[in-house]
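Colleague: Before I ask anything, let me first share the structure, which is written out below as structure tokens.
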Amino acid sequence: MTDPTTRVHDLDETELLARIFPLLPTGPAVVVGPGDDAAVVRAPDGRFVVTTDVLVQDRHFRRDWSTGYDVGRRAAVQNLADVAAMGAHATSLVVSLVVPGDLEVDWVTGLARGLAEASAPAAVVGGDLSGGDAVVVSVTVHGDLAGRDPVLRSGARPGDVVAHAGTLGTSAAGLDLLTCGAAEPRDGAPDGGGPLHPYVSAYLRPRSPLAAGPAAAAAGATAMLDVSDGLLRDAGRLARAGGVTLDIARSDLGPDVVALLPAAVQVSVTTGDDGDPDRALRWVLAGGEDHGLLATFPAHVAATGLPAPFRPIGVVTTADDAPTVLLDGEQPDVAPGWDHFRP
Ligand SMILES: Nc1ncnc2c1ncn2[C@@H]1O[C@H](COP(=O)(O)OP(=O)(O)OP(=O)(O)O)[C@@H](O)[C@H]1O
Ligand SMILES: Cc1ncc(C[n+]2csc(CCOP(=O)(O)O)c2C)c(N)n1
Ligand SMILES: [Mg+2]
Ligand SMILES: [Mg+2]
Ligand SMILES: [Mg+2]
């Protein structure tokens, strides 16, 4: 029994989920239950992947920064990335919307358009609607494994290569540029196009390399997840699930860090701090919300060529003590990323 005075903010997300999971019913239809990027459910004629993620106003997006179109795109992508991270492709989505009554109808139709554009060719087949004080968008996606086994978080083995597909740190850079006022959210860019600042765009309308998920599965990826909460935090999830250590090579992240240095300087100039030499590195290591795919591959697969656009960023080793994530063989001196209840 939980101490009745314990509050949600006394736990971290993993601890809260550990209280919930044992209470949930399972059944013969469950192939993969709670704990991975998506569940796998057995249907009479096969299996399907299902996953759900929510976006909450002022937690994930601000309405003075994001249009309905942006939020629609983002709601789709963060869910599609979970399907891709299982090695599947999306087939259909349902969307639940909570909106205040004084919200412009255009905002809602913009959301529907953004959701539709980012989801294609998957269908949007329904949802739910409610009023509330703030906008909440919850999307559920179903995916098809095309006859392959799902790629779980737990499959990394010592000797595997750690690889990443997509961008790292660009969404966090965009968020910080907006937060400090170094970038304007729209700069005149209309919905559906226009020259948004590239990092602001990465935050408002993330792009996930969705096709790389099934490609990784076909190439023999041993484990995979999408990076939503930060490279170090999500790599830690692969490490714990597999009982291994992931050793990330700083030099492999060098180009990502260098590309973000001008934005880091912009933030320093705008905020008037003396220049934080590690800001760009922190974005890359702990940023999250780019929804790139982090996967592990057997060394022989890496030797013959990783599926595009995966690139190696480290190796899997035996967990000496507890499973962990290292940076060049050492414990990283950086907060690993996002946790909703330990901000
Ligand atoms: N309220 C809940 N009840 C049951 N299972 C949950 C609940 N919240 C999360 N889970 C399960 O816990 C696992 C981890 O969830 P989490 O949301 O951290 O993963 P994610 O969706 O890949 O990441 P993110 O939300 O950061 O994009 C998933 O298998 C998810 O289905
Ligand atoms: C206005 C605003 N402030 C802060 C953030 C940063 N942020 C919020 S949730 C999250 C992790 C992913 O969410 P989840 O784990 O729910 O998928 C991050 C990095 C943001 N996106 N917008
Ligand atoms: Mg995920
Ligand atoms: Mg989630
Ligand atoms: Mg999260």
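Backbone N, Cα and C atoms are what each Cβ position is placed from, and that goes for glycine too.
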Colleague: Given TrEMBL annotates Asp37, Asp226 as Mg(2+) 3-binding, which of Asp82, Asp273, Asp274 belongs to that site as well?
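Modeller: According to TrEMBL, the candidate sharing the Mg(2+) 3 site with Asp37, Asp226 is Asp82.
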Colleague: Which binding-site residues, if any, among Asp37, Asp53, Asp82, Asp226, Ser228, Asp229 have a Cβ under 6 Å from ligand 5, given in order along the chain?
Modeller: Ser228, Asp229
Colleague: From the Cα of Arg153 (ATP binding site) across to the Cα of Asp128 (Mg(2+) 1 binding site), what is the distance in angstrom?
Modeller: 31
Colleague: Name, in the order they occur in the sequence, the residues of the same chain whose CB lies under 8 A from the CB of Arg153 (ATP binding site) and which sit 6 or more residues away.
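Modeller: Residues satisfying the criterion: Gly35, Asp36, Asp37, Ala223, Met224, Leu225, Arg237, Leu238, Ala241, Gly242.
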Colleague: Enumerate in sequence order the binding-site residues Thr52, Arg153, Asp226, Asp229, Glu289, Trp338 whose Cβ-atom distance to ligand 2 is under 6 angstroms.
Modeller: Asp229, Glu289, Trp338
Colleague: Among the binding-site residues Thr51, Asp53, His60, Glu289, Trp338, whose Cα is within 10 A of the Cα of Asp229 (Mg(2+) 5 binding site)?
Modeller: Glu289, Trp338
Colleague: Do you know the DSSP helix, strand and coil residue counts for the domain 'PurM-like N-terminal' (35-143)?
Modeller: 32 helix, 47 strand, 30 coil
Colleague: Of these binding-site residues, Asp53, Asp128, Asp229, which scores lowest on Cβ atoms within 10 Å?
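Modeller: With the binding-site residues Asp53, Asp128, Asp229, fewest surrounding Cβ atoms within 10 Å: Asp128.
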